[in-house]
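Novice: Okay, handing you the structure first.
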Amino acid sequence: MLTGLDPLAWLGILVATVVSGVLAGLYFALIVPKHYAVALGREGAAAPRPTPLSNAGPIVCILITVITSAVLIRSLDVTTIGAAVAFGVLIGVGYLTAMTFQIAINPNFPKPLLYGLVNAPFFIVSSTVSSVIITLIR
């Protein structure tokens, strides 16, 4: 059933993880930092100091997501760029964006819808780019 558990293309996984990490840094540090702070109710406040967890945690999560996508891409026999784009968008919207909204809809997020809207583009683009990379580097 899960033929995707056969040997994975680790080079593609590594490249996709690095590219997604760079995209995350650019997106959250340069494109949406003010909107992100507003969504968290931290506008005007100093950014929290980085910690080992806040530095390493996101890249570990990206790696896990990329590995999972690689398993599914292999299991579903995604072999074309078009299919990879469709897969990436499906995962980005159907899982990653939906989970972002689900996590944000709680009393700890003062603006959950804004939080979801700020994060969704990154997850959709990152998932799509990762899926294309994994499909190309098999």
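Yeah, the Cβs are placed from backbone N, Cα and C, and that goes for glycine too.
Pulled the feature table from TrEMBL, pasting it below:
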type	residues	note
TRANSMEM	12-32	transmembrane segment
TRANSMEM	53-73	transmembrane segment
TRANSMEM	79-101	transmembrane segment
TRANSMEM	113-137	transmembrane segment
Novice: Taking 53-73, 79-101, 113-137 as candidates, which has the most Cβ pairs under 8 Å with the transmembrane segment (12-32)?
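Specialist: Per the Cβ count, the answer is 113-137.
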Novice: May I ask for the residues of the chain that lie six or more residues beyond the transmembrane segment (53-73) and have a Cβ under 8 Å from a Cβ within it?
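Specialist: For the transmembrane segment (53-73), the sequence-distant neighbours (Cβ-Cβ under 8 Å, at least 6 residues beyond its ends) are 2, 4-5, 8-9, 12-13, 16-17, 20-21, 24, 84, 87-88, 91, 96, 126-127, 130-131, 134-135.
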